[in-house]
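Since the structure comes first, as structure tokens, the remarks are kept for the end.
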Amino acid sequence: MESSVKASVDSETESSPGVNETAAASGQRLSEKTRQQADQPKTQDDLVEQNSSYVQDSPSKKRKLDVEIILDEKHSEDDGGASKRSKLERGGGSEDEPSPGGLTERKRKLQPQDALETQTRKFQKLEEGHSSAVAAHYNELQEVGLVKRSQSRIFYLRNFNNWIKSILIGEILEKVRQRKNRDITVLDLGCGKGGDLLKWRKGRISRLVCADIADISMKQCQQRYEDMKCRRDNEYIFSAEFITADCSKELLVEKFHDPEMYFDICSCQFACHYSFESLEQADMMLRNACGRLNPGGYFIGTTPNSFELIRRLEASETESFGNEIYTVKFQKKGNYPLFGCKYDFNLEGVVDVPEFLVYFPLLTEMAKKYNMKLIYKKTFLEFYEEKIKNNENKMLLKRMQALESYPANENSKLASEKAGDYAHAAEYMKNSQVRLPLGTLSKSEWEATSIYLVFAFEKQQ
């Protein structure tokens with residue numbers, strides 16, 4: 001079965017409010033206090049929030065994308081789903097490198113069979129090479145203890161991101177419970193070392209399936225789960241299974257202990273962008289994420305915001321941007337294909353594996369194939385501003401130490417020594433009658449965390 005989807009999208013590059021170091025001028029808001037380390041005084045019930053766009057007063061750039069996606073749908077083995085092949089045309093030219101199987105008959109006659117096989121092997125080797133790099137990168141990441149983690153330059157940044165995930169997961173679990181209050185099943189796609197296991201336990205789910213490409217990470221995830229069971233003697237904990245697989249290339253249903261299993265939630269945190277190397281990989285990721293969701297189930301996650309990444313890139317004088325915490329480097333400006341738009345991401349001096357741009361309107365359109373409807377998409381800043389109004393969320397922010405106390409007390413020091421990194425907080429203190437210390441993130445951390453967004457899709461009845 002063949003279908004053709006044509007879209008002409010006029011999209012104005014999105015941007016969050018610009019960084020402005022004058023609190024009064026930028027309209028910075030107060031919302032919450034935080035507790036830092038145990039030896040620090042209680043902070044005021046307000047957070048000085050620095051607006052988090054990377055470049056001030058940078059003009060929006062209007063882009064017109066004329067996209068034609070041709071999908072060849074074939075019957076699959078598991079549940080009548082479809083795999084697809086794409087041809088992406090822009091200005092009459094294809095952005096995707098054609099595979100041997102997509103060549104016309106005329107080209108086949110001009111190219112010897114052994115050359116075709118060589119080309120196929122090269123393409124497969126490139127794909128396998130990137131998947132192996134992703135697995136190797138996460139396998140090599142060392143487990144870090146709580147003490148060392150608290151000394152990290154990005155301690156508060158990580159905690160803030162973790163708070164975002166906690167609120168997202170808790171909110172969606174509540175939505176599921178409005179429909180059913182027991183036997184909640186979850187698929188954690190790209191689970192890593194199991195950083196969200198505690199969230200699922202607190203959410204009182206019944207069953208969890210964890211899947212990730214990195215085998216060592218999966219072993220560590222499973223060990224965390226076993227340790228959690230041992231610590232909770234008589235307390236109920238969900239059952240779990242652990243699958244090592246490339247979720248952008250392998251069909252997970254074939255690896256489930258129960259091939260008839262369906263889920264209420266699929267969570268994919270900071271991972272789905274790896275699948276946008278090609279349409280086929282992005283579709284397999286969505287098939288794994290959404291193909292086995294119950295009606296009314298949710299696909300949720302966090303991912304880099306392509307509009308913000310491109311906005312910062314275009315505002316930069318080079319092919320890269322960032323600060324001392326993070327850097328993003330593209331191969332070139334002005335050419336952003338829908339698939340395979342690679343960039344290198346570096347966090348706190350650690351070189352990460354290549355990532356791929358996710359054009360979110362395309363993700364939304366592709367998800368419709370699996371009967372998914374976008375419920376919301378928000379930048380981290382938008383999500384924070386909305387959720388911090390809830391008192392329980394405020395308390396969780398403090399417990400998770402997701403904000404830094406400013407100014408630091410005499411027994412501690414600020415996370416950043418960079419000049420101007422707390423100018424927004426200092427300026428606010430001058431112009432407001434507040435109790436100290438305040439809760440905030442450094443300017444550098446705001447810039448790093450504001451490249452992300454949260455999303456939630458719902459499976460239609």
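Cβ coordinates are placed from backbone N, Cα and C, and glycine is handled just like the others.
Note that this is a predicted model, so its numbers are computed, not measured.
Same-site candidate for S-adenosyl-L-methionine binding, as annotated by Swiss-Prot with K165, G190, D212, Q269, Y274, chosen from D227, D246, D344: D246. Swiss-Prot marks one residue of S15, S76 with the annotation phosphoserine, and that residue is S15. The number of other Cβ atoms within 10 Å of the Cβ belonging to K199 (site 'mRNA cap binding'), over all protein chains shown, comes to 20. Every protein chain shown contributes to the tally, and the Cβ of Q269 (S-adenosyl-L-methionine binding site) ends up with 24 other Cβ atoms within 10 Å. Across the structure, D246 (S-adenosyl-L-methionine binding site) and E355 (site 'mRNA cap binding') place their CA atoms 15 angstrom apart. Taking the Cα of N161 (mRNA binding site) as the reference point, the closest of the recorded positions K193, D212, Q269, Y274, E355 is Q269. Ranking the binding-site residues N162, K165, D212, Q269, Y274 by the distance of their Cα atoms from the Cα of E355 (site 'mRNA cap binding') places Y274 first. With a 10 A radius on its CB, R224 (site 'mRNA cap binding') counts 17 other CB atoms from all the protein chains.
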